[in-house]
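Feature annotation from Swiss-Prot assigns substrate binding site to HIS132, THR133, LYS271, ASN280, ARG289. Annotation source Swiss-Prot lists divalent metal cation binding site at HIS163, HIS208, HIS263.
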Amino acid sequence: MSPATAPVLISCGEPAGIGPEIAVAAWDALQGTIPLAWVGDPRHLPASTTFTAITHPRAVADVPTGSLPVLVHDFAAPSTPGHPDPANAQGVIDVIAACVAWVQEGAAAALCTAPIHKKALIDGADFKHPGHTEYLQALAGGRSRAVMMLASDALRVVPTTIHIALEDVPRVLTPALLRETITITHAALQRQFGIQAPRIVVAGLNPHAGEGGAMGLEEQDWIADVISALAASGMNLRGPLPADTMFHARAREGYDAAIAMYHDQALIPIKTLDFDRGVNVTLGLPFIRTSPDHGTAFDIAGKGIANPTSMIEAIKLAAHMAARHV
């Protein structure tokens with residue numbers, strides 16, 4: 001199927017979270033504009049949902065208007081909002097794998113993943129991966145490293161290290177890792193965002209980007225060298241820059257994406273600037289994957305108050321990237 005007709009798949013995520021309800025709300029907002037299919041157990045959808053069960057993504061085109069196409073994957077148990085059931089953990093994992101298989105074979109244009117709850121997956125299925133992104137990388141065969149971008153109209157930002165303790169960042173952060181992160185980001189901005197000459201800024205690790213060695217040595221010992229070498233190859237790069245002055249409005253006008261050194265250095269600014277509209281994008285995979293930039297929100301699941309905006313933006317961005325993907 002071509003990207004124009006192939007659907008974006010929405011994986012169910014943790015069925016006891018807000019994933020099912022925001023997926024339905026997003027489909028309702030976008031139906032008629034982007035072909036979509038939800039993948040999971042229909043018992044986990046809001047009770048009022050009108051849906052049509054299908055067995056292959058190509059059948060989305062045959063589903064009547066006003067009915068959610070559902071690629072049915074039977075789970076072990078029903079779900080109770082706010083209370084994850086360990087019996088359903090393997091089902092969550094298997095749905096992600098099924099979606100990846102369909103996207104990789106070209107039956108679907110892209111994957112938009114609803115939030116998972118890692119502890120529930122560990123408790124119920126001995127999940128071995130630090131997070132969603134790392135599992136997707138494994139499903140892709142580990143051919144390249146998956147890089148997490150957080151994107152909105154206000155900012156695109158990429159953390160070089162992701163789901164590790166802050167005390168481990170200096171050890172895990174290496175010249176090779178930073179070089180690969182910048183290179184993958186640069187390629188994705190060209191291929192999937194249509195930016196032919198991306199402008200990228202790189203944060204320092206330490207306060208004030210080390211302040212000449214007074215507050216840390218990584219910037220002068222090797223971060224600056226990595227940036228200089230890649231700039232010499234033709235990339236438009238600046239850095240290392242103090243992270244505390246990289247994200248104000250005027251600074252953001254000067255770049256297309258920012259590279260951060262660790263998780264919170266990247267996620268705090270985007271969630272402050274555009275909390276409801278942020279999208280998690282996985283770069284470096286052989287397929288397109290986006291996700292809303294929030295978690296399962298067990299405390300409000302099933303109450304009808306979850307905001308679907310980030311899911312809507314994630315689906316729209318997935319479709320946009322699929323149309324540009326080369």
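Just so it is clear, glycine is given a Cβ too, placed from its N, Cα and C backbone atoms.
These figures come from a predicted structure and were not determined experimentally.
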Provide, as an integer number of angstrom, the distance between the C-alpha atoms of HIS208 (divalent metal cation binding site) and LYS271 (substrate binding site).
22
If you count Cβ atoms within 10 Å of the Cβ of HIS263 (divalent metal cation binding site), leaving out that atom itself, what do you get?
18
Hey, does DSSP put ARG289 (substrate binding site) in a helix, a strand, or just coil?
strand
If I take the alpha carbons of HIS163 (divalent metal cation binding site) and LYS271 (substrate binding site), what is the distance between them in whole Å?
17
So if I draw a 10 Å sphere around the Cβ of HIS163 (divalent metal cation binding site), how many other Cβ atoms end up inside it?
14
At its widest, how many Å does the recorded substrate site span between Cα atoms of HIS132, THR133, LYS271, ASN280, ARG289?
20
Does THR133 (substrate binding site) have same-chain partners at least 6 apart in sequence with Cβ under 8 Å from its own Cβ, and which are they?
ALA146, MET148, ILE162, ASN280, THR282
Between the binding-site residues HIS132, HIS208, LYS271, ARG289, whose Cβ has more other Cβ atoms within 10 Å than any of the rest?
ARG289
According to DSSP, folded down to helix, strand and coil, what is THR133 (substrate binding site)?
helix
ASN280 (substrate binding site) CB neighbourhood, other CB atoms within 10 A:
24
Of the binding-site residues HIS132, LYS271, ARG289, which one has its Cα closest to the Cα of HIS263 (divalent metal cation binding site)?
LYS271
